[in-house]
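Data block below; observations after.
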Amino acid sequence: ILYVDSDVAVGVKSWCHLIISLLCYLRSCSANGSDSKKQRLEESPPSRVLHIRKLPNEVSETEVIALGLPFGKVTNILMLKGKNQAFLELGTEEAAITMVNYYTAVTPQVRNTPVFIQYSNHKELKTDSALNQRAQAVLQAVSAVQDGSSPSSDPGVLDLAPPPSPVLRIIIDNMFYPVTLDVLQQIFSKFGTVMKIITFTKNNQFQALLQFSDPVNAQQAKLSLDGQNIYNSCCTLRIDFSKLVNLNVKYNNDKSRDYTRPDLPTGDGESVNKDHSLLGTPSGALASYSSGGGYSSSLSLSPLSAAAAAAAAAGRVALSGSGVSGVLLASNLNEERVKILYNKKDSALIQLSDGNQAQLAMSHLNGQKVFGKVMRVTLSKHQTVALPREGLDDQLLTKDFSGSPLHRFKKPGSKNFQNIFPPSSTLHLSNVRDAVGEDDLRLLFSNGGGTVKAFKFFQDRKMALIQMTSVEEAIQTLMELHNYDMGGNHHLKVSFSKSTI
C-alpha cells in the first residue's frame, strides 16, 4: 500500500520512476519464483512414482507400463492423455532409481518418439478407479502375469484368458540390423527361462519360434515386448502365441538352439561358439539386460556391415565371411541401354569398396527389373576390376568412380548408412532448390516416361517423397535423375525410401 500526502506535489517523472521500480520488483519476484520452481522440479527427491511427459498421441497403457517392466514390478498407473503425460508407480524406490538412472543415459522412446521421465513429487499414486478403469485393467493383467496368478477383469476391456502355449511366434518387421539367436535369448530371458529357439524365413520375413519353460512367462513377454523395437527405430517385434506347445530342435547352430540340450550336433560341421563379430550388436541397441535391471549394449560393427548381416539373416543372401570379394557380376542387362563388357554386352562387373557393401548391393538388387529385363547380381570370381591400358578398344567401357561426387558414404560413420533401403516405388528427394515447386518436380519425373502417383513435400521443402507407379519406374527414374543439375549449384539427390505416401 502506498500512502501519498495530498499537499506534496509529485511530478510525472517521479511517478514513472516509481511505477517502473514496482514493475521491476514484481518481475524479479516472479522470475525468482520460476527459478525456484524449476530448481525444485529438477531436484525432486527419488520417489517410486515417476512422471512421464511428452508421450505421443493415442499411446496405450501397455506401452507406458512396458517402460517400467524391465526394472521391476509396476504397481499403479495414471494416464493423462489430454496432456500427453502419465504417472507410473513402481513397487520399490530402488527400482524407480534404476529406471531413472538408465533413462538418463539412454533416451526413452515410445513409438519412436522421445519421452521425458523424472521423479514425481508424489510418494504414492492414488487413482480413481472409475476414471482410470482401462489403465487399471491393463495393470491388473500385468500384475497377474508378474505374480503368476489368474486375474479377473472386464473381458470387454482386456482379454485375460490363460496363455494357450509356452511357445511364441515372433516376426521381425523393418529388420535393418541383424537379429540373432543370442539377441533373442538375451531379450526374452528377462521374463523367464528360454528353453528353445528356432529361426527361419517365411514370406520374406525373418521369424522365430521361442519356447519358455512356463506359459505365464510367454504371456508376460508378449504383453511387454509386442510392438517394441529391438534397436532404435527398427527391428520391431510382432509377437503372438504359436499353436505348438513344444519345439523339436535337432541341431544347435545359428538357426536353432535347445538350451536344455548342449550336446546336440550343429548339423553342418560348424561350432556353435564360433566368432559372431559380424553379427554384433549395433550402436543404440537395447539387446541385453544387465543384472541391475537396465540394458547393456556393445558396438562391434559398422551400420553398413550390420545391414549386410541383416540381409543375410533375413535369408536374402548367404554371408561367407569377411574375405568376400567386393566385385559383383551384373548380368541379363538390356544391351540397347547398357554397354559394359566388350565381349558380353549384357553383363557388367561392379567393384565396391568392400565385401559387406557388395553383399548388401546384391541382396537389394538381384532380381530387380531394369529397362524391361530382370537383372541378375552375383558375386564375381574377380577380386578387382582392372582399368584397361590406354589405346585399347574397351577403354571407354571401364570407368573409375572412386572420385565421383555421387558418393553418399565417403564420411566414416555417416548417417547415410542408416538410410540404405531396397528398391521401392517411393523415392526420397533431397537438396531441392528453393524456387522449385511440386509441379516442377512432377513434370521432371514424368518426362522419362514414368507416371507420378503421389507427391509430398517435407516441411522445409528441401526434401520430398515422390511415388512412381512401379518399382521398375522408380529404379529407372533414380538412374536418370540422381545428381540432376537444378541450377544454382543444386544437384538433386535421389534415393529409395522405406516410407509410403
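From the backbone N, Cα and C atoms, a Cβ is placed for every residue, glycine too.
Annotated signal peptide per TrEMBL: 1-31, in sequence order.
Counted with DSSP, the domain 'RRM' (48-132) comes out as 27 helix, 26 strand, 32 coil. Taken from TrEMBL, the feature domain 'RRM' applies to 48-132 (among others).
Residues annotated as domain 'RRM' in TrEMBL: 168-244 (among others). Shown for the domain 'RRM' (168-244): DSSP residue counts in helix, strand and coil, namely 22 helix, 34 strand, 21 coil.
Residues or ranges marked as region 'Disordered' by TrEMBL: 256-279.
Residues of the domain 'RRM' (425-499) grouped by DSSP class, helix first, strand second and coil last, total 20 helix, 24 strand, 31 coil. Residues or ranges marked as domain 'RRM' by TrEMBL: 425-499 (among others).
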